[in-house]
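Let me begin by presenting the structure, written as structure tokens, before commenting on it.
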Amino acid sequence: MTIQFCDQCGDLLPETTNPTVDCECSKSLGTVTTTTYQSESQLRKSGLQQLTEKEKKPAQNSIKQDCPNCNAQTLYYSVVQLRSADEGSTVFYDCHKCHHKFKEDN
């Protein structure tokens with residue numbers, strides 16, 4: 001069933017299986033004509049797949065820097081502007097090995 005609107009007042013018309021629909025504004029009486037057809041999802045046509053939250057892996061930047069906790073040589077990092085625009089940004093580091101997290105204010 002398609003959504004139908006009144007031509008006069010724009011109100012949503014009630015769902016019905018009758019070929020005619022009366023609007024409460026009493027200004028419009030129309031015949032409902034609908035065409036139903038099968039349509040393949042554009043997402044399926046494109047071949048793309050939607051990932052669930054568990055399947056999503058955020059893109060992470062990495063840097064060769066020693067972890068202060070375990071001395072691993074690779075850290076993931078993200079840069080965030082937490083303070084006002086005229087002040088430096090904050091860099092959050094996460095060790096890929098021991099998951100030690102720390103930050104550095106620029």
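The backbone N, Cα and C atoms fix where each Cβ goes, and this holds for glycine too.
Going by TrEMBL, these are the annotated features:
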- 6-25: zinc finger (ZN_FING)
- Cys6, Cys9, Cys23, Cys25: Zn(2+) 1 binding site (BINDING)
- 43-63: region 'Disordered' (REGION)
- 63-103: domain 'TFIIS-type' (DOMAIN)
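Counting residues per DSSP class in helix, strand and coil order gives 0 helix, 18 strand, 23 coil for the domain 'TFIIS-type' (63-103). Note on the zinc finger (6-25): mean pLDDT across this stretch is 77.
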